[in-house]
Amino acid sequence: MSETETRPTNFIRQIIDEDLKSGKHSSVHTRFPPEPNGYLHIGHAKSICLNFGIAQDYQGQCNLRFDDTNPEKEDIEYVESIKNDVKWLGFDWSGDIHYSSNYFDKLYDYAVELIEKGLAYVDELTSDQIREYRGSLKEPGKNSPYRDRSVEENLALFEQMRDGKFKEGTICLRAKIDMASSFIVMRDPVIYRIRFATHHQTGDKWCIYPMYDFTHCISDALEGITHSICTLEFQDNRRLYDWVLENITIDCQPHQYEFSRLNLEYTIMSKRKLNELVTEKLVNGWDDPRMPTVSGLRRRGFTAGSIREFCKRIGVTKQENMIEFGSLESCIRDDLNENAPRAMAVLEPVKVVIENYEEGKVETLNVANHPNKPEMGTREVPFTREIYIEQDDFREEANKKYKRLVLGKEVRLRGAYVIQANRIEKDEAGNITTIFCSYDTETLGKNPADGRKVKGVIHWVSADKAFPAEIRLYDRLFTVPNSAALEDFSESINPESLITKQGFVEPSLVTAEAEAGYQFERTGYFCIDNKDSTPEALVFNRTVGLRDTWEG
């Protein structure tokens with residue numbers, strides 16, 4: 001995190017302040033515990049900024065722990081991606097990376113302890129039967145017929161589960177709590193199930209795996225976590241979190257705190273639905289710039305600083321709300337307006353021939369990289385007899401409000417001369433193919449000598465020296481603010497979320513590094529694509545427009 005970024009405040013930090021003041025804790029230890037079954041998204045970034053930010057501000061520690069208890073859905077690819085995302089966002093974890101699988105031996109021992117205390121039993125109900133016996137919010141659950149097995153029988157069966165003597169789905173270990181509890185999570189939850197799957201960390205050592213609610217709290221305690229922070233959907237699970245720790249022999253007793261998850265307009269956060277977008281090829285992979293994944297946002301041109309600023313602006317509360325997508329765009333727009341160098345690119349070109357400019361002549365102009373930051377220097381831009389301008393920057397006729405090039409009138413070329421349109425050529429379909437102009441030789445960097453006013457300024461590139469580029473215009477992935485609420489969210493995909501143009505860019509951009517951000521003058525903010533772009537075939541992604549023009 002940048003030293004210039006201000007320290008936020010929220011209810012969790014207020015709790016921490018009180019805990020330190022009262023002596024409840026002498027230091028702060030948080031953790032970020034993703035499951036490695038997908039790519040991190042902007043919602044995870046909020047949690048990363050919260051947990052790692054707290055550790056930084058309180059000179060504490062934050063662990064990166066992979067909650068890897070579901071081997072069938074997890075992959076080392078996701079582990080590496082998550083590590084890269086955390087570091088790219090500007091954070092680093094304390095000490096070694098932690099894995100819940102590091103604790104499988106201890107978790108097994110704690111499960112045995114619960115059995116020995118008569119607080120866990122091996123159940124042979126099917127998953128459907130367990131669901132049926134659990135009841136509902138209006139009806140209490142009912143006890144499994146296997147609930148009152150002896151401790152000795154449960155220990156023997158659990159050992160046989162570990163030794164692979166049972167098939168998947170035929171038997172499990174459940175906590176013995178209260179089937180009449182008003183909280184369904186406390187109605188004898190499953191804490192171990194059988195999975196014959198190779199684990200990316202432990203291989204084939206285990207064929208039984210602990211459930212999240214059993215693993216999570218014990219992992220926190222073993223790591224000495226002082227403040228276990230998660231989103232509101234785990235609020236009821238706090239009762240199970242506390243129950244497990246209160247009923248095993250363990251020194252540390254962390255406390256769980258909940259905050260509202262991020263809900264962002266015009267996108268979705270569900271891993272299942274994001275995976276559907278990828279598998280159904282509705283997007284081009286997890287790092288598609290339209291995706292809310294950290295890798296997708298990064299590829300689109302969002303900076304780590306802009307994401308951190310967004311997370312700071314939206315704050316941390318217990319109130320569920322929908323954040324405007326424009327808030328995220330505002331953060332990157334502010335960042336790039338301040339820090340991105342300027343460049344010129346023409347997305348829909350039409351040729352301009354300056355008839356009174358010498359053929360073959362190449363003039364090297366020095367153009368400022370940033371209008372308000374002279375320390376960012378200048379770049380060399382070649383000026384030639386033939387240039388490209390945007391088709392939309394010329395009209396044969398126009399009213400006074402149109403401040404661009406009009407037949408018979410003048411306009412200034414950015415960083416160059418004043419030109420006047422004198423005549424045009426069209427093809428058989430009536431499309432303008434060439435605009436013939438003349439230029440005022442005395443207007444480089446100064447106003448016309450006779451005092452006439454030239455109000456408009458347009459961008460351009462040299463037709464001879466510019467480089468062709470594929471320019472991808474990305475927009476919001478969905479046409480409705482809350483697509484997640486729809487029965488079929490895919491029906492609301494924005495057909496114009498990606499529009500590709502074949503344009504031209506000034507030659508200085510050929511050497512730009514991947515992910516480098518620029519303001520294309522008068523067009524928007526763009527970056528070099530970090531996957532497809534090469535010096536021989538440039539690809540630029542639109543990060544955000546110069547202003548918010550979305551109408552929904």
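Cβ coordinates are placed from backbone N, Cα and C, and glycine is handled just like the others.
Note that the coordinates shown come from a computational prediction; the quantities given were computed from them, not determined experimentally.
As annotated in Swiss-Prot, motif ''KMSKS' region' covers the listed stretch 268-272 rather than the other ranges in 178-182, 268-272, 538-542. Check Swiss-Prot against the ranges 34-44, 287-297, 298-308 and you find motif ''HIGH' region' recorded for 34-44.
Separating the Cα atoms of LYS46 (ATP binding site) and ASP67 (L-glutamine binding site) is a whole-number distance of 18 Å. For ASP67 (L-glutamine binding site), the same-chain residues that are 6 or more apart in sequence and have a Cβ closer than 8 Å to its Cβ are PRO33, PRO34, GLU35, PRO36, SER100, TYR212, THR215, HIS216, SER219. Close to SER270 (ATP binding site) in the fold, though at least 6 residues off in sequence, lie ALA484, each with a CB less than 8 Å from its CB. When secondary structure is read from DSSP and collapsed to three states, LYS46 (ATP binding site) falls in the helix class. Cβ neighbours of ASN37 (ATP binding site) (same chain, under 8 Å, six or more residues apart in sequence): ASN70, LYS73, GLU74, ASP75, TYR78, LYS271.
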